[in-house]
Amino acid sequence: MLPAWGHQLATVLGSVCVGWGGGGGSALVTLTFHLFNHYGLIELFRLDMVKLRRFLVMIQEDYHSRNPYHNAVHAADVTQAMYCYLQEPKLSKSLTSCDILLGLLAAATHDLDHPGVNEPFLIKTNHYLAALYKNTSVLENHHWRSAVGLLRESGLFSHLPAEDGLNMERQLGSLILATDISRQNEYLSKFREHLDNEDLCLANACHRHFVLQMALKCADICNPCRPWELSKQWSEKVTEEFFHQGDIEKRYKLEVSPLCDSQANTIGNIQIGFMTYVVEPLFAEWARFSDTRLSRTMLGHLGLNKASWSGMLQELAGGADDGAQEGAEVPAEDGNSKALPQGSKES
Ligand SMILES: [Zn+2]
């Protein structure tokens, strides 16, 4: 049994090598294989262990270890979080083995072959993926099609009836596409409506699939809900990736994408905006759906982490004020506005 929450993957996986700098060792393979075994999926779906292992190794290798954030460690982290949500009472008593298989597969593959830049970057640089997917959920479509490619190459489901295999691929796509953050409000509104109407019926396969989509979305952005030390490291990694994109955009005289300009942003203001406008609204609804100790713990960490970033920004702003008072050529207003977090008024 894996620990529920707040434990780093290094703890979860014991002696398995999990290095931030080295692409995470074999954490994704080891964790996903362990969970397949834990849920009895290998026997239930008559999976060939050699094919499964080869498939998982191919997945891990398809993640780019040079990406500071979107690498195999993130995929392992999301898979671990997904496991925690699958164990929540409402889900564990209603999900089928097929739901669990798809949920874990989607978590492990949801950012497959991520290039380390975002969709607007691919569109403005006329990347072939943007043309292939008509500028719509470009990355998510690519992650899904990459996962399908590896599934077929490994032959993991080749013993299943063709129709079942295609159905699995389609459902996997629907889960991965739900992680497109630009469609956040669409999913959140639907979730809120179901919760207001109290009409989610987990005996209904469509409703279970929708809950799996929401669980995967939570797992994907749950870093701000982890304990501070861990959460802070993820924040640093994602900011490093954003700023790296910004540096490329500057080098090639492209418009610098929002959040990617290291001169105009800090980790703190990016995180506070993200927590306020994206993470908090999602996890507040998740806690309404699954009112458990885990949900309360996550919201507790989120509040504490936000307060920590706010405190750091205030210190920074204080420093800027002091500097402004001392140096006549630096207007105090500029010093303040640069340090002001996006969501500070609501915190
Ligand atoms: Zn992700």
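Any Cβ shown, glycine's included, is placed from N, Cα and C.
What you see is a predicted model, and the numbers here were worked out from it, not measured in a lab.
Over in TrEMBL, the protein carries these features:
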- 1-316: domain 'PDEase' (DOMAIN)
- H70, N71, A72, V73, H74, D111, D220, Q271: AMP binding site (BINDING)
- H74, H110, D111, D220: Zn(2+) 1 binding site (BINDING)
- D111: Zn(2+) 2 binding site (BINDING)
- 316-347: region 'Disordered' (REGION)
H70 (AMP binding site) to H110 (Zn(2+) 1 binding site) - Cα separation in whole Å: 10
As a test of the contact definition, list every same-chain residue at least 6 positions from Q271 (AMP binding site) whose Cβ is closer than 8 Å to its Cβ. P224, S235, N305, K306, W309
Cβ-based isolation winner (fewest other Cβ atoms within 10 Å) among the binding-site residues H70, H110: H70
What subset of the binding-site residues N71, V73, D220 lies within 10 angstroms of H110 (Zn(2+) 1 binding site) at the C-alpha level? D220
Tell me, by DSSP, whether H110 (Zn(2+) 1 binding site) is helix, strand or coil? coil
Checking the binding-site residues N71, A72, V73, D111, D220: which ones have Cβ within under 6 Å of ligand 1? D111, D220
Determine the Cβ neighbour count for D220 (AMP binding site): the number of other Cβ atoms within 10 Å of its Cβ. 23
Under 8 Å by Cβ from H74 (AMP binding site), counting only residues of that chain that are 6 or more apart: Y63, D111
Pairwise C-alpha maximum, in angstrom, for the residues (H70, N71, A72, V73, H74, D111, D220, Q271) that bind AMP according to the record: 22
Local backbone state of H74 (AMP binding site), from DSSP in three classes: helix
Give me the count of other Cβ atoms within 10 A of the Cβ belonging to D111 (AMP binding site). 26
Counting only residues outside H74, H110, D111, D220 in the same chain, those with C-beta within 8 angstroms of the Zn(2+) 1 site's C-beta centroid are H70, A75, V78, A107, H114, H143, T179
What three-state class does DSSP give Q271 (AMP binding site)? helix
